[in-house]
Amino acid sequence: MIRGSGSPLAWLSSGPGNVNLSSLGPAEGPTGSAASLPSPRAWDVVLCISGTLVSCENALVVAIIVGTPAFRAPMFLLVGSLAVADLLAGLGLVLHFAAVFCIGLAEMSLVLVGVLAMAFTASIGSLLAITVDRYLSLYNALTYYSETTVTRTYVMLALVWGGALGLGLLPVLAWNCLDGLTMCGVVYPLSKNHLVVLAIAFFMVFGIMLQLYAQICRIVCRHAQQIALQRHLLPASHYVATRKGIATLAVVLGAFAACWLPFTIYCLLGDAESPRLYTYLTLLPATYNSMINPIIYAFRNQDVQKVVGAKRSSKVGARRACPSGFSHQAGLLLCEVCGSRSTYVHGFLPAGVGS
């Protein structure tokens, strides 16, 4: 099945001379109501399964946040934004599979590719917003839990989703390669220039996250040292606690880089002539990022675990574990560094806070 300019169902580009993996060109088979649908390849099925898992995980996170009145803090708004973005990404993968291989709606392909571009952009933008929030919760611990923080959170969400919507609409409205295959990138029908813009935006976001997490490590190490002096802890204990926190940050950043860097680099280096297998091999890990985000940012949270446990045991009104007046986001990160919530409560905040 050769991809031509008249086959808008194609998603992953394979070059004019290669075998197409997503669509049946209109000049190659029967047309009309009796036309047969293209057969999915193994990679298409894997992407659809990944999309299903991503959708289920993030739908659960969204349901927990929406259904729990206590989860209205800025941190949970950002985690909810991340979950909604990943939910849209998962649904986009599933709907694209259905549109191409089950229904045969050619008109939906371009729209769904735009939805996927918007969803993945919003997911990465939400990760950046969470990183900014984590940094500010440590840098401005005394004023973090205030109306200013809530306002700043809504501004960040508006910027994230506004930018994602704009980048998602570009291929739908005009910036695509439907009229010229030579302009295509590794993902049809996104143009090479569009993919380059997305890749540059990713590297900018990744660079900012690296810088912020480096600052977080410095703050955490400084506070951990202060706690060790105040509580007369042994240097070995201080070293182990600090190393544990830095390892947690390394896992967060490492997972993000491992999932997205291969596809981003390939978007810069590849074009419409590049082998389709490389597109699959780099795109699939990117979808896994939306699969592990709920684990890193939601299910590891002690309050979320309490809510899930309460729902399992049919208990209502589970109370938050974090003491009143404390920055939950700062507590979440710093408790991971210290190894216990009590260390954070009694040592990390300045004197007079929460006493």
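One-based numbering along the chain as shown.
Each residue, glycine too, has its Cβ placed from N, Cα and C.
Heads up, TrEMBL stuff is auto-annotated, nobody curated it.
As recorded in TrEMBL, the features of this protein are as follows:
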type     : residues : note
TRANSMEM : 42-66    : transmembrane segment
DOMAIN   : 57-297   : domain 'G-protein coupled receptors family 1 profile'
TRANSMEM : 78-106   : transmembrane segment
TRANSMEM : 112-132  : transmembrane segment
TRANSMEM : 153-175  : transmembrane segment
TRANSMEM : 195-214  : transmembrane segment
TRANSMEM : 246-265  : transmembrane segment
TRANSMEM : 277-299  : transmembrane segment
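Within the same chain, the transmembrane segment (153-175) stays apart from the transmembrane segment (277-299): fewer than three Cβ pairs sit under 8 Å, each pair at least 6 residues apart. If you count C-beta pairs under 8 angstroms between the transmembrane segment (78-106) and each of 42-66, 112-132, 246-265, the highest count goes to 42-66. Residues 11, 75, 78-79, 81-82, 84-86, 88-89, 92-93, 95-96, 99, 153, 156-157, 159-161, 163-165, 167-172, 187, 189-190, 198, 201-202, 205, 208-209, 212-213, 256, 260, 286, 289-290, 293, 297 of the same chain, all 6+ positions outside the transmembrane segment (112-132), place their C-beta atoms under 8 angstroms from a C-beta of that stretch. For the transmembrane segment (277-299), same-chain residues at least 6 beyond its ends with a Cβ under 8 Å from one of its own Cβ atoms are 12-14, 43, 46-47, 50-51, 53-54, 57-58, 60-61, 64, 79, 82-83, 85-86, 89-90, 93, 120, 123, 127, 130, 186-187, 251-252, 255-256, 258-260, 262-263, 265-266, 270, 305, 308. Distant neighbours of the transmembrane segment (195-214): 117, 121, 124-125, 127-128, 131-132, 134-135, 167, 185-187, 249, 252-253, 256-257, 260-261, 264-265, 267-268; these residues of the same chain sit at least 6 beyond its ends, with a Cβ under 8 Å from one of its Cβ atoms.
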